[in-house]
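Trainee: My questions all concern the structure below.
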């Protein structure tokens with residue numbers, strides 16, 4: 001049966017789960033004017049303060065998750081991976097063919113989600129924690145009967161909190177290792193750069209500020225100039241200068257290999273944790 005087109009000018013989005021990720025997405029959608037807050041719904045949470053947070057920027061609170069599903073065109077499952085099966089099975093009677101289902105539960109495959117829901121109009125989305133500041137790296141994969149229009153709609157929603165790519169689901173373990181776990185690697189690098197600054201004589205606050213802004217600026221140069229990172233590195237490393245001396249130390253310690261190994265190790269662990 002052909003999917004019913006979701007009305008782009010009136011559709012409502014319902015969040016099942018009112019945690020930090022759901023908050024980041026909902027807040028970004030409102031702040032970027034992708035949707036007005038009255039078209040975003042979630043249910044009363046076991047922790048009342050979560051409901052208060054959503055209400056603070058205009059999201060409508062409903063008494064239970066069944067009501068959220070009934071009143072939504074797009075249902076975003078934003079619950080912990082270990083409970084997503086129970087949640088989907090509980091809500092299954094409410095999943096009509098006209099609804100688009102979206103999961104942001106880490107490690108839970110589309111084939112399982114579709115089987116539990118009895119519904120193949122599904123999109124699996126993997127954002128990362130910088131969604132909290134509108135700078136997510138998000139990847140999405142389309143389910144069996146999700147349409148191109150469905151994909152465009154979800155890309156627009158998640159585009160409110162960062163950049164969105166589309167990829168085959170078989171790549172999601174590697175994506176977990178890179179963009180999913182990657183922010184933690186960069187936090188570690190920022191902390192280490194700041195520690196280096198302190199060791200060289202800088203006050204802690206100044207060192208951390210410089211380290212953070214340097215990483216932000218370098219990433220922006222890669223994105224905005226379109227130049228290969230190796231070329232940008234060469235541009236700043238003058239012959240016999242300070243930068244090449246620092247790079248030499250990084251290379252002696254296997255810096256690039258360590259980062260590559262971290263991504264591969266996290267991807268491998270993600271595969272181990274994900275049900276086959």
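Each Cβ is built from the backbone N, Cα and C atoms, and glycine gets one as well.
What TrEMBL records for 12-107 is domain 'Pyrroline-5-carboxylate reductase catalytic N-terminal'. The annotation NADP(+) binding site is assigned in TrEMBL to 16, 17, 18, 19, 20, 21. If you look up TrEMBL, you'll see 169-273 marked as domain 'Pyrroline-5-carboxylate reductase dimerisation'.
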Trainee: Mind looking up the mean pLDDT for the domain 'Pyrroline-5-carboxylate reductase catalytic N-terminal' (12-107) in the predicted model?
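Mentor: Average per-residue pLDDT within the domain 'Pyrroline-5-carboxylate reductase catalytic N-terminal' (12-107): 92.
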Trainee: So around the NADP(+) site, 16, 17, 18, 19, 20, 21 aside, which residues have their CB within 8 A of the centroid of those CB atoms?
Mentor: 15, 22, 23, 42, 50, 78, 79
Trainee: Using a 10 Å radius around its CB, how many other CB atoms surround residue 21 (NADP(+) binding site)?
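Mentor: Its Cβ shell of radius 10 Å holds 23 other Cβ atoms.
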Trainee: Provide the three-state DSSP residue tally for the domain 'Pyrroline-5-carboxylate reductase dimerisation' (169-273): helix first, then strand, then coil.
Mentor: 90 helix, 0 strand, 15 coil
Trainee: Among 17, 19, all listed as binding-site residues, which has the most CB atoms within 10 Å of its CB?
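Mentor: Answer by Cβ density within 10 Å: 17.
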Trainee: Once near-sequence residues are set aside, which residues in the chain of residue 18 (NADP(+) binding site), 6 or more away, have Cβ atoms under 8 Å from its Cβ?
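Mentor: Result: 42, 43, 45, 50, 51, 53, 54, 78.
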Trainee: Around residue 16 (NADP(+) binding site), how many other C-beta atoms are within 10 angstroms of its C-beta?
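Mentor: Looking across every protein chain shown, the total is 26.
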Trainee: Inside 10 Å of the Cβ of residue 20 (NADP(+) binding site), count up the other Cβ atoms and send me the figure.
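Mentor: Excluding its own Cβ, the number within 10 Å is 13.
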